[in-house]
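Per Swiss-Prot, these features apply:
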- GLY14, PRO15, THR16, ALA17, SER18, GLY19, LYS20, THR21: ATP binding site (BINDING)
- THR16, ALA17, SER18, GLY19, LYS20, THR21: substrate binding site (BINDING)
- 39-42: region 'Interaction with substrate tRNA' (REGION)
- THR105: site 'Interaction with substrate tRNA' (SITE)
- ARG127: site 'Interaction with substrate tRNA' (SITE)
- 163-167: region 'Interaction with substrate tRNA' (REGION)
- 245-250: region 'Interaction with substrate tRNA' (REGION)
Amino acid sequence: MNPPRLPPAILIMGPTASGKTAVAMALADRFPVELISVDSAQVFIDMDVGTAKPDRATLDRYPHRLIDLITPEESYSAARFRADALTAMAEITAAGKVPVLVGGTMMYYRALLHGLADLPQADAELRAEIDAEAAAEGWPAMHAKLALVDPATAARLHPTDSQRLQRALEICRLTGRPMSELLAESEKQKPPYDLLQIGLLPSDRAVLHQRIARRFDEMLLAGLDEEVRQLRQKYELNLNLPSMRCVGYRQTWEMQEGLIPKREWRDRGVFATRQLAKRQITWLTNSFAAENYDCLDPALVERIAARTEAFLSS
């Protein structure tokens with residue numbers, strides 16, 4: 001006798017500007033699903049323009065869980081995401097619907113699918129020391145330091161990925177052990193669901209880059225500059241906070257402070273977004289057992305809808 005099927009859940013993963021939200025909303029029009037955001041920037045209240053957060057009318061029609069959870073002064077971890085996502089998935093399943101998780105924060109997907117190592121809590125004093133070192137020596141030098149003590153983690157991090165470099169160095173210094181070793185020891189903790197993992201990847205990177213540039217231009221027209229000014233007036237913020245490290249926000253802050261010329265602001269924001277997309281594609285290609293679809297395919301929605309129907313009826 002076959003064991004009963006686990007409840008279904010769908011993951012829609014992909015780089016920025018790949019059309020994930022449009023696919024998720026199309027599924028919500030056709031199937032009894034509820035959406036869960038997997039986006040480390042959209043958890044922040046009042047950060048709407050630069051995160052491409054769905055507008056109020058869209059959210060009224062297609063509610064997303066795990067949006068607008070904390071202020072930009074706060075931090076939100078992968079561990080908290082996993083707990084919140086599993087709670088939301090259980091509630092959606094209990095209501096007779098199918099959870100659809102949609103977003104591009106690959107670290108959150110990894111935490112959900114594989115669990116998390118027992119890593120130490122953040123140490124504000126140590127983080128300040130690491131930031132001071134980085135200010136004096138530069139993040140590429142910090143990357144070189146990490147490579148000496150944790151070559152495996154250093155190999156997968158970009159030399160300017162300050163947030164992850166800071167965390168990896170912090171863990172090494174707090175525990176005396178490399179983060180990669182601690183992660184390897186973590187027991188795989190698969191969520192209790194029958195998962196359909198859908199990946200959206202571009203067949204032509206140049207077209208994705210055009211989408212990224214167009215969307216960043218739309219953010220500028222929608223008032224990204226003013227949004228950052230209002231955030232800085234309302235909250236106690238600095239460039240080391242996760243909220244202000246988000247792509248677009250960092251470049252806007254630096255422009256406002258005169259750290260970069262205003263004429264370079266747009267191009268730097270587009271470049272940073274392209275680098276983010278590159279990292280997301282690398283994660284998706286190397287770390288997940290997803291069924292990949294060309295996000296530039298005009299028939300994308302129909303193909304994924306057909307696959308979803310087959311998955312839910314199997």
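Just so it is clear, glycine is given a Cβ too, placed from its N, Cα and C backbone atoms.
Annotated features taken from Swiss-Prot, shown on the structure.
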| residue | record | CB count, 10 Å |
| --- | --- | --- |
| GLY14 | ATP binding site | 27 |
| PRO15 | ATP binding site | 28 |
| THR16 | ATP binding site | 22 |
| ALA17 | ATP binding site | 25 |
| SER18 | ATP binding site | 28 |
| GLY19 | ATP binding site | 20 |
| LYS20 | ATP binding site | 22 |
| THR21 | ATP binding site | 20 |
| THR105 | site 'Interaction with substrate tRNA' | 20 |
| ARG127 | site 'Interaction with substrate tRNA' | 15 |
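In this structure, THR21 (ATP binding site) is part of a helix by DSSP. Residue counts for the region 'Interaction with substrate tRNA' (245-250) under DSSP (helix as H, G, I; strand as E, B; rest coil) come to 3 helix, 0 strand, 3 coil. In sequence order, GLY14, PRO15, ALA22, GLY104, LEU200, CYS295 are the same-chain residues whose CB sits within 8 A of the CB centroid of THR16, ALA17, SER18, GLY19, LYS20, THR21, the residues recorded for substrate being left out.
Rounded to a whole number, the distance between the Cα atoms of LYS20 (ATP binding site) and ARG127 (site 'Interaction with substrate tRNA') is 34 Å. The Cβ centroid of GLY14, PRO15, THR16, ALA17, SER18, GLY19, LYS20, THR21 marks the ATP site; residues of that chain outside this set whose Cβ lies within 8 Å of it are GLY104, LEU200, CYS295, given in sequence order.
Mean pLDDT, taken over the region 'Interaction with substrate tRNA' (39-42), works out to 98 on the 0 to 100 scale.
Helix, strand and coil residue tallies for the region 'Interaction with substrate tRNA' (163-167), in that order: 5 helix, 0 strand, 0 coil [DSSP]. For the region 'Interaction with substrate tRNA' (39-42), DSSP puts the residue distribution at 0 helix, 0 strand, 4 coil.
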